[in-house]
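Chemist: Structure below; questions to follow.
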Amino acid sequence: MQKTREYNFDGLVGPTHNYAGLSFGNVASSSNIKSASNPKEAALQGLAKMHALAQRGFAQALLPPQDRPNFKLLRQLGFTGTNAQMIEAAARTSPVLLACAYSASSMWTANAATVSPSADTADGRTHFTVANLNNKLHRSIEHSQTERALRAIFHDEKHFAVHQALPATPAFGDEGAANHTRLCAEHGAAGVELFVYGRSEFDASIVGPKKFPARQTLEASQAVARLHGLQDARTVFVQQNPHTIDQGVFHNDVIAVGSGNVLFYHQEAFVDEAASIEKCRIAMQQVGAELNPIRVATAQVVVADAVSSYLFNSQLLAKPNGKMALLVPQECSENAAVAAYLKDLVSSTGAIDELLSFELRQSMRNGGGPACLRLRVALTEQQANAMHQGVIFTEALYKRLVTWVESHYRDTLFPDDMADPALAIEVQTALNELSGILNLPNLYEY
Ligand SMILES: NCCC[C@H](NC(=O)CCC(=O)O)C(=O)O
């Protein structure tokens with residue numbers, strides 16, 4: 001077995017981070033609609049998290065923000081003329097479309113793709129399927145640039161396979177790693193891939209949510225497993241509890257997180273909890289590992305508190321002492337039930353013995369916690385050497401990016417500010433410089 005490390009590819013928050021209320025079913029997005037955002041602070045909060053983990057010795061990298069506004073979308077929707085004319089017309093006739101074209105939502109890289117490490121796949125390569133994110137207009141425009149970035153970073157076809165997004169139709173709604181968990185004894189060993197879907201297009205016996213949309217379909221999860229060449233016995237499909245989706249759990253990573261052999265989850269996360277956990281346990285036996293489920297009961301934390309605190313949208317980080325640290329957003333310490341639960345959790349003798357709390361409020365106000373901000377990619381040493389090195393987080397890159405953010409980002413952005421064509425030019429200038437910093441010259445299509 002080759003020495004393998006799990007890299008967290010965090011999304012570098014783009015200069016147009018704003019609150020446009022675009023994500024129906026995501027409570028934070030809807031409740032902060034039209035308030036002022038602070039893109040500079042958002043980017044610095046994200047960088048601080050990356051920096052802290054890199055300093056602790058965790059493998060850290062990043063994915064770049066996307067080119068915004070997406071003029072291709074505006075043109076596709078019938079706006080014409082120069083860039084400034086399209087912005088002006090969209091701002092006047094349909095500000096919501098302009099907001100979609102301007103969204104910085106690619107920062108939540110857990111939704112960029114589903115990743116299967118080489119230990120799990122039929123051809124021994126690391127597979128990526130770019131997520132189509134077709135449930136929301138502003139997110140459905142991410143996949144082409146995501147594919148471009150992933151192909152630039154994981155260009156070596158001997159080691160990596162990047163699959164384009166699934167067909168952009170409701171039957172194949174796919175939100176990437178937010179609904180996918182890899183469980184294993186160690187990163188380099190064969191593992192279990194757990195796919196959590198919200199509804200099915202073709203199986204009428206599967207009952208979905210009533211109020212809010214289920215973004216991930218069973219059919220999409222199955223297609224990803226096929227594309228990656230996963231083995232049936234080590235692949236598990238379970239349904240997310242539709243009642244929790246209706247309470248604002250728009251992705252599985254708002255109610256469960258797994259790493260190594262630990263599955264940290266809420267009692268109400270899945271349809272038929274016992275059967276779902278049993279499927280994981282049996283699949284884990286196939287790889288000679290023992291599942292360690294950490295179950296949070298409703299009596300300890302109700303779903304509404306899990307949604308407002310983002311307790312489960314946390315990062316489980318394996319430490320050299322064999323234990324795990326749980327990286328949670330600061331909101332967890334502001335919720336009495338969650339704070340009490342976490343205090344007990346780390347003082348117990350279980351797998352999690354440390355709590356790391358981060359201020360990520362800018363992202364949280366759009367429904368994106370620590371786990372949303374990162375895409376996990378387990379890489380052997382050889383693979384890590386074969387990927388593009390310019391996105392690996394170093395002290396020097398950190399300093400360079402802080403300076404870059406401080407010189408290009410605004411500290412206040414209202415949705416109405418997107419009507420100003422100067423913003424588009426600012427963004428383009430910033431991103432051009434970024435592609436140089438990351439040594440990815442063809443990242444953007446200017
Ligand atoms: N994994 C976290 C994703 C959060 C993301 N929020 C947003 O897109 C909010 C954008 C806005 O409302 O401006 C979403 O819902 O997909």
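Yeah, the Cβs are placed from backbone N, Cα and C, and that goes for glycine too.
Sharing the features that TrEMBL gives for it:
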| type | residues | note |
| --- | --- | --- |
| ACT_SITE | Glu175 | active site |
| ACT_SITE | His251 | active site |
| ACT_SITE | Cys372 | active site, nucleophile |
| BINDING | 20-29, Asn111, 138-139, Arg215, Asp253, Asn366 | substrate binding site |
Chemist: Which recorded positions, if any, among Phe24, Asn26, Ala28, Glu175 have a Cβ under 6 Å from ligand 1, given in order along the chain?
Modeler: Asn26
Chemist: Given the binding-site residues Ala20, Leu22, Phe24, Ala28, Arg139, which lie within 10 A of His251 (active site) by CA-CA distance?
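Modeler: Of everything listed, nothing lies within 10 Å of His251 (active site) (Cα to Cα).
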Chemist: Fill in the CA-CA distance, Ala28 (substrate binding site) to Glu175 (active site), as an integer in Å.
Modeler: 18
Chemist: Nearest of the recorded positions to Cys372 (active site, nucleophile) by CA-CA distance, picking from Leu22, Asn26, Asn111, Arg139, Glu175?
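Modeler: Comparing Cα positions, the closest of these recorded positions turns out to be Asn111.
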Chemist: Expressed to the nearest Å, what is the distance separating Asn26 (substrate binding site) and Glu175 (active site) at their Cα atoms?
Modeler: 14
Chemist: If I take the alpha carbons of Arg139 (substrate binding site) and Glu175 (active site), what is the distance between them in whole Å?
Modeler: 10
Chemist: So what sits near Asn111 (substrate binding site) in its own chain, CB-to-CB under 8 Å and at least six residues off in sequence?
Modeler: Ala131, Leu133, Arg139, Glu142, Glu175, Gly176, Ala177, Ala178, His251, Cys372
Chemist: Find, among the recorded positions listed as Ala20, Leu22, Ala28, Cys372, the one whose Cβ has the highest number of other Cβ atoms within 10 Å in the structure shown.
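Modeler: Selected residue: Cys372.
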